[in-house]
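In what follows, a structure is listed as C-alpha cells, so that the remarks can point back to it.
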Amino acid sequence: MQLPRNPFKAALDGDTRYGCWAGFATGYAAEILATTGFDWLLIDGEHAPNIVPTTLAQLQALAAYPCAPVVRTVNHDPALIKQLLDIGTQTLMIPMVDTAEQAAQLVAATRYPPHGFRGVGGGLTRATRWGAVEDYMAQAHEELCLIVQVESRSGVDNAEAIAATPGVDAIFVGPFDLSTETGHIGDPTHPEVQAMIRHTLDATHAAGKAAGILAPAEADARRYAQWGFDFIAVGIDISLLRQAAMETVSRYKG
C-alpha cells in the first residue's frame, strides 16, 4: 500500500486556500463542515476540548472528502506530537513558536532517527495503515506538513530564522494573541499589529515557505488574500452556529 498523499501540502503552492476552525470536537460536526466547500479544516487541540480519540474520529470523518484536515496541538509535547502523527495526522500546527531553536526541536519530534527522535509505533498505528504502508518510516516526512505559529513579539522578531528552519513548511500568524501581547486587545487591525503580520508574511515568503492566518472578518480575510497569504481560516464553526442561531431567533423575537 502506498503512503497517502497530503492534499494540504500539495496545494500550498497554488491559489489561496480557505479553511474553517473546527471546535466542536466531534466527527459528526467535522463531516458536516467537509460538505460545505472549505479547502481545509483546523481540528483545534489548543482551545477546543479535543483529545487524541476525538481527533482520530474527525480524521476518519474527513477522509472521504476533499477537505484537508490540519491538527493543532495544545503545546510542544513530543509525546503528544507522536500520538497525533501515529493516528494519521499529516498536517500538524504547533502554537506559540518563538525561536528557531524551538522550531528545530519540533521538526525533530516529527522525524524518525537519525533525523529526529519520533518513536516507532509500527503496525499499531493508523499512519502506517497498521503496517500496510510500505517503507513508511523512510518516506513519512515527504507527506508531513509542519506549520508553526508565530503569535508573539518574540516570534515576529525571529520570523526570518523560524521560517528558514529546515523541515518547517509554513508559518501561521496568530493575530489575536499578537494584538493582546501588544496591548491592542481584540483589535488585530491596529496598525502596529498589522505591521507585525506583514513582516511575518514577508519573512516567511522570503524563506520560500507558505504563510497562513486566521481572519473571521471578511474585510480582513480579503486584505490578507491580497497581501499574498497562502491559506486563510475565514470562519469558526462555533461562531458560525451561534451567529446563525441568533439571526434566526431575532426574526421571531425582535
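Cβ from N, Cα, C; glycine included.
What Swiss-Prot says about this protein:
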{"type": "ACT_SITE", "residues": "His47", "note": "active site, proton acceptor"}
{"type": "SITE", "residues": "Arg72", "note": "site 'Transition state stabilizer'"}
{"type": "SITE", "residues": "Asp86", "note": "site 'Increases basicity of active site His'"}
{"type": "BINDING", "residues": "Glu151, Asp177", "note": "divalent metal cation binding site"}
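Annotated features, which come from Swiss-Prot, shown on the structure.
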| residue | record | DSSP (3 states) |
| --- | --- | --- |
| His47 | active site, proton acceptor | coil |
| Arg72 | site 'Transition state stabilizer' | strand |
| Asp86 | site 'Increases basicity of active site His' | helix |
| Glu151 | divalent metal cation binding site | coil |
| Asp177 | divalent metal cation binding site | helix |
Asp86 (site 'Increases basicity of active site His') and His47 (active site, proton acceptor), compared by Cα position, are separated in whole Å by 22
Chain-internal residues, separated by at least six, CB under 8 A from His47 (active site, proton acceptor): Gly23
Among the recorded positions Asp86, Glu151, Asp177, which residue has its Cβ surrounded by the fewest other Cβ atoms within 10 Å? Asp177
Roughly how many angstrom lie between the C-alpha atoms of Asp177 (divalent metal cation binding site) and Arg72 (site 'Transition state stabilizer')? 16
Tell me which residues of the chain lie with their Cβ under 8 angstroms from that of Arg72 (site 'Transition state stabilizer'), as long as they are six or more apart in sequence? Leu42, Ile43, Asp44, Gly45, Glu46, Leu92, Met93, Ile94, Pro95
